[in-house]
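Participant: Got a structure for you, written out below as structure tokens; questions coming shortly.
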Amino acid sequence: MNEFPVVLVINCGSSSIKFSVLNASDCEVLMSGIADGINSENAFLSVNGGEPAPLAHHSYEGALKAIAFELEKRNLNDNVALIGHRIAHGGSIFTESAIITDEVIDNIRRVSPLAPLHNYANLSGIESAQQLFPGVTQVAVFDTSFHQTMAPEAYLYGLPWKYYEELGVRRYGFHGTSHRYVSQRAHSLLNLAEDDSGLVVAHLGNGASICAVRNGQSVDTSMGMTPLEGLMMGTRSGDVDFGAMSWVASQTNQSLGDLERVVNKESGLLGISGLSSDLRVLEKAWHEGHERAQLAIKTFVHRIARHIAGHAASLHRLDGIIFTGGIGENSSLIRRLVMEHLAVLGVEIDTEMNNRSNSFGERIVSSENARVICAVIPTNEEKMIALDAIHLGKVNAPAEFA
């Protein structure tokens with residue numbers, strides 16, 4: 001093992017690679033960055049928030065070579081002891097993170113039709129990393145695996161059985177790495193025993209989902225076979241009546257592909273407001289009296305509150321509601337509106353704590369009189385991926401997650 005081992009965390013998206021390098025001893029981030037515009041002439045690399053530098057080679061392999069060169073410039077290349085990959089979809093095959101072997105790669109490829117935009121990019125990242133870092137243990141961490149503890153009644157759709165049996169049509173859930181990290185931190189913050197606890201975690205960002213966590217395990221979540229189901233999001237519709245879309249198709253002669261683009265790219269906050277998918281823009285418009293921005297936010301909040309309350313029904317007891325993700329951590333307005341909707345559950349807001357900036361870190365934002373504790377816990381998916389790699393790679397883990 002290296003004297004100063006580090007973990008390289010790689011998240012290959014459909015056109016980007018986000019990466020970070022963490023000290024294996026305490027998971028402190030040593031460097032991070034993004035390569036974006038992959039497979040286009042505009043491909044660039046930005047390290048530690050610096051100026052974007054054009055990439056000479058636009059492929060995933062070319063981008064990872066450029067990332068490896070940045071590590072080399074900082075004398076970190078030879079210290080890479082482990083590599084953790086975020087994998088979008090593990091299907092029902094992967095119930096936990098796994099050391100990457102030929103068999104694991106084959107199984108990732110088998111389930112890749114469930115998430116073609118992301119899984120094939122993930123595989124490109126794995127193959128390139130194997131060439132650049134030969135002999136380094138690599139670990140796959142799946143966005144879906146945390147939710148594989150859901151019971152059949154939570155993951156089945158009310159469709160003919162053959163679609164589940166023959167095609168694997170069922171609810172898988174996403175954001176699992178975030179929900180797992182945040183629920184683990186919540187046990188510490190709220191002083192709960194992991195084997196006797198009930199939490200609802202709201203991961204709110206441009207993509208958003210709710211997860212019910214009972215005794216440390218996911219028992220229900222709002223996203224489904226794809227990330228489209230559940231909450232209204234930045235550009236995704238969330239739950240929508242299939243009959244409504246069928247009627248739209250008949251009236252507009254749009255194809256299934258057209259409608260898929262509409263519900264994924266043109267709906268949600270953007271669709272209702274007609275203004276933006278960025279909540280920061282909509283909050284500014286909210287305060288300026290923009291009616292459709294206000295309506296978009298109210299609809300967003302209504303869906304969040306309804307799903308939080310519904311997911312609580314999957315718990316034996318509701319100990320806490322946790323906000324995380326870019327919006328959940330940073331928008332005091334959204335948290336306030338959601339908590340006001342949840343007064344029926346005994347939620348009461350502590351206005352002063354709710355209004356504190358996210359730099360304050362983990363914090364309880366409900367009042368002392370509340371029957372249900374509400375808290376903000378910043379997510380850290382990179383750290384969770386690194387911790388899984390450390391655990392599977394047999395490196396000493398930081399005490400908080402050992």
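The backbone N, Cα and C atoms fix where each Cβ goes, glycine too.
Annotated active site, proton donor/acceptor per Swiss-Prot: Asp143, in sequence order. The feature ATP binding site is assigned by Swiss-Prot to Asn11, Lys18, His175, 203-207, 278-280, 326-330, with sequence analysis given as support. Residues or ranges marked as Mg(2+) binding site by Swiss-Prot on the basis of sequence analysis: Asn11. What Swiss-Prot records for Arg86 is substrate binding site, and it gives sequence analysis as the kind of evidence. Sequence annotations record features per position, and here Swiss-Prot assigns site 'Transition state stabilizer' to His175, Arg236.
What does the local environment look like for each feature on the list?
Facilitator: DSSP assigns Asp143 (active site, proton donor/acceptor) to coil, not to a helix or a strand. Counting Cβ atoms from all protein chains shown, Asp143 (active site, proton donor/acceptor) has 26 others lying within 10 Å of its own Cβ.
Residues within less than 8 Å, Cβ to Cβ, of Asn11 (ATP binding site) and separated from it by at least 6 positions along the same chain comprise Ile17, Lys18, Phe19, His85, Arg86, Glu381, Glu382.
In three-state terms derived from DSSP, His175 (ATP binding site) belongs to neither a helical nor a strand segment and is classed as coil.
DSSP classifies Arg236 (site 'Transition state stabilizer') as coil under the three-state reduction. In sequence order, Gly207, Pro227, Leu228, Val263, Asn264, Ser267, Gly268 are the residues of the chain that are 6 or more apart from Arg236 (site 'Transition state stabilizer') and have a CB within less than 8 Å of its CB.
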Participant: Cβ-Cβ under 8 Å from Asp278 (ATP binding site), same chain, 6 or more residues apart: which ones?
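Facilitator: Listed in sequence order, they are Gly234.
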Participant: Including all protein chains shown, what's the count of other C-beta atoms within 10 A of the C-beta of Ile327 (ATP binding site)?
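Facilitator: Cβ-Cβ neighbours of Ile327 (ATP binding site) within 10 Å number 25.
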Participant: Non-local Cβ contacts of Glu329 (ATP binding site) (under 8 Å, 6 or more apart, same chain)?
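Facilitator: Long-range Cβ contacts: Phe323, Asn358, Val376, Pro378, Thr379.
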Participant: List nothing but the one residue from His175, Arg280 whose Cβ has the fewest other Cβ atoms within 10 Å; the candidates are the binding-site residues.
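Facilitator: Lowest Cβ count within 10 Å among the binding-site residues (His175, Arg280) is Arg280.
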Participant: How many other Cβ atoms sit within 10 Å of the Cβ of Asn206 (ATP binding site)?
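Facilitator: Result for Asn206 (ATP binding site): 16 other Cβ atoms within 10 Å.
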